[in-house]
Amino acid sequence: MLAIIGGSGLTKLSTLELVRREVVRTPYGEPSGALMFGKLCGTQDVVFLARHGYGHTIPPHQVNYLANIWALKQAGVSEILSVASVGGIRADLGPGKLVVPDQIIDYTWGRPSTYFEGDDQVVHHIDFTHPYDEALRQRILAAAKAVSEEVVDGGVYAATQGPRLETAAEINRLERDGADVVGMTGMPEAVLAREQDLPYAAINVVANYAAGRASSEHGIAFDEIEVVLQGAMARVRTILECYCEC
Ligand code: HPA
């Protein structure tokens, strides 16, 4: 069963034929919302979870990532596809672009970010050289190709703490570090999925140019973001449908 974690702009999966919803409690507290079980394309079992809650009320630094991944694991999912909006740092990654990243740099702090914690736990170092599952990445790319949606193959995702956006100098620093896009939710979600042995990959939707870049030089236009996200998320849905069917 495939899990889809939807971010800003994707709090509902309109193409999902809902079968049941389940409120799950975990040893780590409550997930962002009920798990929505259903079918995509009439055949593929899917569970959907809105990362920020169904009313979009949970900010990135307060998402209970431990509970979310745990709940999906308990539900029996075999892979997780994350959909998350980002700011574009690289010049060619303007609003509306879709990116399937292949690397992460983590700038978040103070977020619970491991299941291997507690007096009874042995120290555990997981391999995170390649944070995204390559087979899953390739399937997303193939699905996008099959429906003729342009996606960028690879990119370095910088995970920032939020909820504020970055300064122009911070974006310059991220670029010097090698980051291509910036978002606030990619970590610790990706590493927790790895700790739970769940293949994880992401589709990043560029909502805006990052601070100080191109059209954002005079500040980021929030009304434009909304329009861009709506259009781009419709394209993500098309890719997801083919991901299940193709
Ligand atoms: N910065 C961080 N996270 C984001 C951005 C951004 O510019 N846009 C969408 N998510």
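Residue numbering: from 1, along the chain as shown.
Just so it is clear, glycine is given a Cβ too, placed from its N, Cα and C backbone atoms.
Under the heading domain 'Nucleoside phosphorylase', TrEMBL lists 2-240. Feature annotation from TrEMBL assigns phosphate binding site to SER8, ARG51, HIS52, THR185. The feature site 'Important for substrate specificity' is assigned by TrEMBL to GLU166, PHE222. Residues annotated as substrate binding site in TrEMBL: MET184, ASN208, TYR209, ALA210.
Mapped onto this structure are the features recorded in TrEMBL.
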residue	record	contacts (Cβ under 8 Å, 6+ apart)
SER8	phosphate binding site	HIS52, HIS56, ALA84, SER85, ALA207, LEU229
ARG51	phosphate binding site	ILE5, GLY6, GLY7, SER32, ILE58, VAL63, ASN68, SER82, ALA84, THR185, GLU189
GLU166	site 'Important for substrate specificity'	GLY87, THR160, LEU174, VAL182, ALA210, ALA211
MET184	substrate binding site	PRO60, HIS61, THR108, ALA159, THR160, GLN161, GLY162, PRO163
PHE222	site 'Important for substrate specificity'	none
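Selection of the binding-site residues ARG51, HIS52, MET184, THR185 by a Cβ distance under 6 Å from ligand 1 yields, in sequence order, MET184. Under DSSP, PHE222 (site 'Important for substrate specificity') is assigned to a helix (H, G or I) in the three-state scheme. Among the record's phosphate binders, SER8, ARG51, HIS52, THR185, no two C-alpha atoms are more than 10 Å apart, and one pair sits at exactly that spread. Working note on the binding-site residues THR185, ASN208: by count of other C-beta atoms within 10 Å of each C-beta, THR185 ranks first. In the three-state DSSP assignment, the secondary structure recorded for HIS52 (phosphate binding site) is coil. What surrounds the phosphate site, by Cβ distance within 8 Å of the Cβ centroid and not counting SER8, ARG51, HIS52, THR185, is the set GLY6, GLY7, ALA50, HIS56, ILE58, PRO60, VAL63, ALA84, SER85, MET184 from the same chain. Summarising the environment of HIS52 (phosphate binding site), the number of other Cβ atoms within 10 Å of its Cβ, over all protein chains shown, is 20.
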